[in-house]
Amino acid sequence: MTTAAVLTAAGSGTRLGRAVPKALVELDGVPLVVRAALGLALARCLELVVVTVPPHEVRGFQALFPGGVVPGTRLAARIVPGGATRQASVAAGLAALPGDVDVVLVHDAARCLAPAALVRSVEAAVRQGHRAVVPALPVTDTIKAVGPADSSGAEPVTATMDRGALRAVQTPQGFDRTLLEAAHAAGAARAADEAVAASDDAGLVEALGEPVWVVPGHERAMKITTPRDIALAHLLVADTATR
Ligand SMILES: Nc1ccn([C@@H]2O[C@H](COP(=O)(O)OP(=O)(O)OP(=O)(O)O)[C@@H](O)[C@H]2O)c(=O)n1
Ligand SMILES: C[C@](O)(CO)[C@H](O)COP(=O)(O)O
């Protein structure tokens, strides 16, 4: 029984708008990818983290994990080139896992403040028999579905969703390895094109018709996407430092 993580860090971070790939952006002096890997290591339930990185940046990322471990820990880290979409990057990470791994957590470097306790709760839920597990929070906005925009750009509302039945999904997402590999194999034709690629791994499992289970998420597992998110992440880090 061995758990490993695929840590996705191959994105460019277009919406963040920095000169370097988003995972290399520093938060209080520590690159996002290293922070995310430390959160995984602190959970103490993993044997390995496979980090998917931009193909032209493999050496730069390797230098962040000297000796092939997450800095200051014993967690082994393996760097592999990612793909054109997040789905393709996860598939590349899965292909690099050793044979003895039976549970896989898929985590975004962009969710670098996800607490170790969240990692543990997702892993434990998979070990308890839920073969696909996502952490999620209730939705606080009212969510409306819309149709095509008119000539002015305004979109007609087609429905108001039942907010009580909606959840905003985070990472790490946890899976039985056999199920996750089957889901990626079945959805492989979508991986090359961002327009049709799965936005999360649980979506590929759902497409197989297999159940996916939700456990409570955490505010600190927020995704850093825009400059506003980085500002919020700085506040969260400062809040931790003053406790
Ligand atoms: N081809 C890709 C695209 C994304 N990711 C990773 O998937 C996570 C979620 O993606 P997102 O936050 O959208 O990151 P980017 O794709 O970098 O952002 P943007 O769309 O603004 O360019 C990130 O950790 C990102 O590095 C990846 O591994 N491979
Ligand atoms: C996987 C994810 O973080 C779950 O919310 C999210 O779907 C990633 O989406 P992105 O558009 O690739 O950032």
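All residue numbers here begin at 1 and follow the chain in the order shown.
In case you wondered, yes, glycine gets a Cβ from its N, Cα and C as well.
According to TrEMBL, the features are:
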- R15: site 'Transition state stabilizer' (SITE)
- K22: site 'Transition state stabilizer' (SITE)
- R163: site 'Positions MEP for the nucleophilic attack' (SITE)
- K223: site 'Positions MEP for the nucleophilic attack' (SITE)
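Positions of the features from TrEMBL, shown on the structure.
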residue	record	Cβ within 10 Å
R15	site 'Transition state stabilizer'	12
K22	site 'Transition state stabilizer'	26
R163	site 'Positions MEP for the nucleophilic attack'	12
K223	site 'Positions MEP for the nucleophilic attack'	17
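DSSP assigns R163 (site 'Positions MEP for the nucleophilic attack') to a helix.
K22 (site 'Transition state stabilizer') and R15 (site 'Transition state stabilizer') have their C-alpha atoms 9 Å apart, to the nearest angstrom. In this structure, K223 are the recorded sites from K22, R163, K223 whose C-beta falls under 6 Å of some atom of ligand 2. Here the C-alpha separation of R163 (site 'Positions MEP for the nucleophilic attack') and R15 (site 'Transition state stabilizer') works out to 27 Å. When the alpha carbons of R15 (site 'Transition state stabilizer') and K223 (site 'Positions MEP for the nucleophilic attack') are compared, the span between them is 12 angstrom.
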